[in-house]
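S.K.: Below is the structure I would like to discuss, written out as structure tokens.
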Amino acid sequence: MLKALFLTILTLALVKSQDTEETITYTQCTDGYEWDPVRQQCKDIDECDIVPDACKGGMKCVNHYGGYLCLPKTAQIIVNNEQPQQETPAAEGTSGATTGVVSASSVAASGVLPGGGFVASAAAAAGSEGQTSRNNFVIRRNPADPQRIPSNPSHRIQCAAGYEQSEHNVCQDIDECTAGTHSCRADQVCINLRGSFTCQCLPGYQKRGEQCVDIDECTIPPYCHQRCVNTPGSFYCQCSPGFQLAANNYTCVDINECDASNQCAQQCYNILGSFICQCNQGYELSSDRLNCEDIDECRTSSYLCQYQCVNEPGKFSCVCPQGYQVLRSRTCQDINECETANQCREDEMCWNYHGGFRCYPRNPCQEPYILTPENRCVCPVSNAVCRELPQSIVYKYMSIRSDRSVPSDIFQIQATTIYANTINTFRIKSGNENGEFYLRQTSPVSAMLVLVKSLSGPREHIVDLEMLTVSSIGTFRTSSVLRLTIIVGPFSF
């Protein structure tokens with residue numbers, strides 16, 4: 001913006017007598033100038049210094065006399081202040097009174113001079129120096145430098161409030177902030193201005209009246225991601241448990257406790273803002289939710305193992321008593337020692353039962369019985385002693401589990417030789433003193449031994465089962481015995 005100033009000052013001097021001279025001047029200046037009472041002249045106002053943001057849009061401010069320009073930052077400026085001084089000669093008057101007119105011309109223009117230079121500023125104002133003509137006219141000239149220092153250095157100038165006289169006898173701004181003459185409070189910052197100063201609050205505070213009060217940044221969301229803590233003049237962000245501040249000190253990110261500080265005794269699973277612990281199979285979380293305690297499976301159930309449960313860290317195992325082996329991890333199966341290793345002699349035979357084995361004579365026959373190829377003990381007819389004894393004795397062995405449920409059919413006896421016109425009867429001859437057994441005839445030639453009382457082992461019962469054969473016409477009678485050895489195992493399996 002170019003502000004053109006045209007200044008024409010008309011001064012009228014009236015000389016009433018040859019002995020008296022009076023100079024009349026005007027102290028009001030046009031726009032862009034202000035009156036200097038010391039120099040008694042109008043001086044230019046530097047708008048670029050006092051007008052805030054004088055130029056917009058990235059333009060730069062260039063001051064000139066009476067105004068200022070807004071130019072691009074790349075513009076080149078050539079200043080030409082060599083304007084010729086113009087003096088108007090005094091006019092002569094008559095009748096003893098002389099009247100003179102002094103014309104001080106001022107040019108304030110911007111343009112292109114014939115020489116080719118761009119004039120940024122060129123101005124002249126009514127000066128304080130004058131030249132008196134022979135006819136007592138006052139001639140005032142335009143000084144080449146309107147800001148020059150007065151020729152009389154001893155003359156002191158008067159400065160406005162906020163300014164002081166410098167060593168060059170010009171008014172300069174007083175920095176009240178540096179001099180310590182400001183009135184700012186201890187909790188305020190002094191900012192120097194031209195001719196004055198201002199008091200500002202520290203960052204994080206705002207003015208309320210003459211005092212600076214803290215700004216509660218936590219009431220102005222969204223400063224913090226989760227939690228905001230206000231402090232005098234500032235604030236900081238906090239995160240909830242399980243989170244930590246990111247590098248921007250604002251956002252909260254999840255903490256992977258399983259990587260950072262794994263407190264779980266066995267397995268750790270990270271979740272948003274926390275973590276959970278889990279235990280391996282056979283363990284359970286303790287009350288602190290971190291450690292793992294072994295589960296005593298044997299205590300929780302009595303049906304895990306057929307015989308005995310043994311608790312181990314994180315698991316359990318089943319064991320079986322001597323004479324048994326573990327089958328499918330939980331059940332017990334009898335070991336047939338007769339098929340593996342036994343201590344029976346050559347003249348003995350091994351008989352396996354539930355939980356063990358026994359050795360019996362290969363020839364159980366006792367006098368007067370003799371062993372036949374059919375493994376039967378027969379008393380010869382030729383021997384008179386045999387007339388009162390059973391004709392034959394057959395030895396049999398069987399094994400039952402302890403505490404077997406009753407009644408229970410356990411053994412069947414049957415005639416091997418059938419005679420015509422005979423009647424067979426069956427009875428328990430011995431070994432049933434306590435009434436544990438009952439013999440039930442199932443056919444004319446067979447009978448079933450029934451267990452009627454539960455037996456607990458380990459125990460051995462020898463029961464003689466007799467079959468009596470009688471001729472229907474009463475011509476003969478005979479008997480045979482089956483000697484049954486019943487071994488009751490020590491367990492119910």
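Glycine is no exception: its Cβ is also placed from the backbone N, Cα and C atoms.
Not my notes, these are from TrEMBL:
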type	residues	note
SIGNAL	1-17	signal peptide
DOMAIN	173-213	domain 'EGF-like'
DOMAIN	214-253	domain 'EGF-like'
DISULFID	C218-C228	disulfide bond
DOMAIN	254-293	domain 'EGF-like'
DISULFID	C258-C268	disulfide bond
DOMAIN	294-333	domain 'EGF-like'
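Quick one: where do these features end up spatially?
M.R.: Note on the domain 'EGF-like' (173-213): residues 49-50, 160-164, 232-235 of its chain, located 6 or more positions outside it, place their CB under 8 angstroms from a CB of the stretch.
Mean predicted confidence for the domain 'EGF-like' (214-253): the pLDDT average there is 91.
The Cβ of C218 (disulfide bond) lies under 8 Å from the Cβ of C224, C228, V229, N230, F235, each of these being in the same chain and 6 or more residues away along the sequence.
Below 8 angstroms of C-beta separation, residues 240-244, 313-316 of the same chain, each at least six residues beyond the ends of the domain 'EGF-like' (254-293), sit close to that stretch.
Using a 10 Å Cβ-Cβ cutoff, C258 (disulfide bond) registers 17 neighbours.
Long-range contacts of the domain 'EGF-like' (294-333) within the same chain, counting only residues at least 6 positions beyond its ends with a Cβ under 8 Å from a Cβ of the stretch, are 280-284, 354-356, 490-491, 493.
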S.K.: Same chain, outside the domain 'EGF-like' (214-253) by at least 6, Cβ under 8 Å from its Cβ: which residues?
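M.R.: Residues 202-206, 272-275.
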S.K.: So if I measure Cβ to Cβ from C268 (disulfide bond) and keep only same-chain residues at least 6 apart in sequence, which ones fall under 8 Å?
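M.R.: E257, C258, N262, F275, I276, C277, Q278 - these are the non-local Cβ neighbours of C268 (disulfide bond), listed in sequence order.
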S.K.: Just to be sure I understand the packing, how many Cβ atoms besides its own are within 10 Å of the Cβ of C228 (disulfide bond)?
M.R.: 19
S.K.: Under the DSSP assignment, what numbers of helix, strand and coil residues are found in the domain 'EGF-like' (294-333)?
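M.R.: Residue counts for the domain 'EGF-like' (294-333) by secondary structure: 4 helix, 18 strand, 18 coil.
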